[in-house]
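According to Swiss-Prot, the feature disulfide bond maps to Cys4-Cys87, Cys176-Cys181, Cys219-Cys227, Cys244-Cys268, Cys245-Cys293, Cys261-Cys266. Taken from Swiss-Prot, the feature active site, nucleophile covers Ser137, and the record attributes it to similarity to another entry. The active site, charge relay system feature in Swiss-Prot is assigned to Asp165, His229.
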Amino acid sequence: GPKCPFNSDTVSIIIETRENRNRDLYTLQTLQNHPEFKKKTITRPVVFITHGFTSSASEKNFINLAKALVDKDNYMVISIDWQTAACTNEYPGLKYAYYPTAASNTRLVGQYIATITQKLVKDYKISMANIRLIGHSLGAHVSGFAGKRVQELKLGKYSEIIGLDPARPSFDSNHCSERLCETDAEYVQIIHTSNYLGTEKILGTVDFYMNNGKNNPGCGRFFSEVCSHTRAVIYMAECIKHECCLIGIPRSKSSQPISRCTKQECVCVGLNAKKYPSRGSFYVPVESTAPFCNNKGKII
């Protein structure tokens, strides 16, 4: 059969709330069986999490990210598992050859998220201002395509898209309409951690370059690219757990110590980034071991 096929049968939806953390699998058709979807309206804010190439929603870093969100604030976390279309289940030696197929599936998965969003807004009265998307690697571009589609559907913009080391291959030379772009949400936050698998391009309202966006500390010399690429997910979970864990310094002032940061010019990575006035590119020094925080207890 075709490799890495996308259709609504090859995607699963995992929903987590404080009351219901059991990570059961749902589809668009069975969503209404979930306790949260039996309500007339859903009042809590929603975060979608989308994984990347050859990964899945049950990979431990994504489980930890979802848990951090549910623990931190009363979010409903919707994890999109598109592992089949991301080539996760193809023969190990061959799956990398199918990357272009997975890359082209990102638009379809994004449209699928937009369909779920339409249901949330129309049937459950959720405001778009209460929905944000977090996507890693190819999942960052999935989130961008979802952001384009909801605007086509006249739903407005998502409040935020967080792109965790958006994938470089197949996307780097693309026009805005063919990749994650800063117009895809009210606020687009990009975390750069690698420069081969991930892009170095400025894509967002704010772009954070962790350790200059490559060779992240603690990743070693070998396989450091894959390790650095994955670090983006780990850093985001820590930034949700610890307020102002990672502070970004404007790249124009990257020699300045974090201790001199003010909330006018520096920005805390994470869910509160958009509350800071500063925009553009930021340098983020990172410690080599968890929780990786650079703020030495300082909160701006």
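Note that Cβ sites are derived from N, Cα and C of the backbone, with glycine treated the same way.
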Rounded to a whole angstrom, what is the C-alpha distance between Cys293 (disulfide bond) and His229 (active site, charge relay system)?
18
Which whole-number value in Å describes the distance between the Cα atoms of Cys181 (disulfide bond) and Ser137 (active site, nucleophile)?
14
Residues with Cβ closer than 8 Å to the Cβ of Asp165 (active site, charge relay system), same chain and 6+ apart in sequence?
His136, Ser137, Ala140, Ile191, His192, Thr193, Ser194, Leu197, Gly198, Thr199, Ser228, His229, Arg231, Ala232
Quick check: of the disulfide-bonded residues listed here (Cys87, Cys176, Cys244, Cys245, Cys268), which one has the Cα closest to that of Cys219 (disulfide bond)?
Cys245
Tell me which residues of the chain lie with their Cβ under 8 angstroms from that of Cys268 (disulfide bond), as long as they are six or more apart in sequence?
Cys239, Glu243, Cys244, Cys245, Leu246, Ile247, Gly248, Tyr276, Ile299, Ile300
Any same-chain residues 6+ apart from Cys227 (disulfide bond) with CB under 8 Å of its CB? Would you list them in sequence order, or say none?
Asn216, Gly218, Cys219, Gly220
Ten-angstrom check, please: count other Cβ atoms within 10 Å of the Cβ of His229 (active site, charge relay system), all chains counted.
25
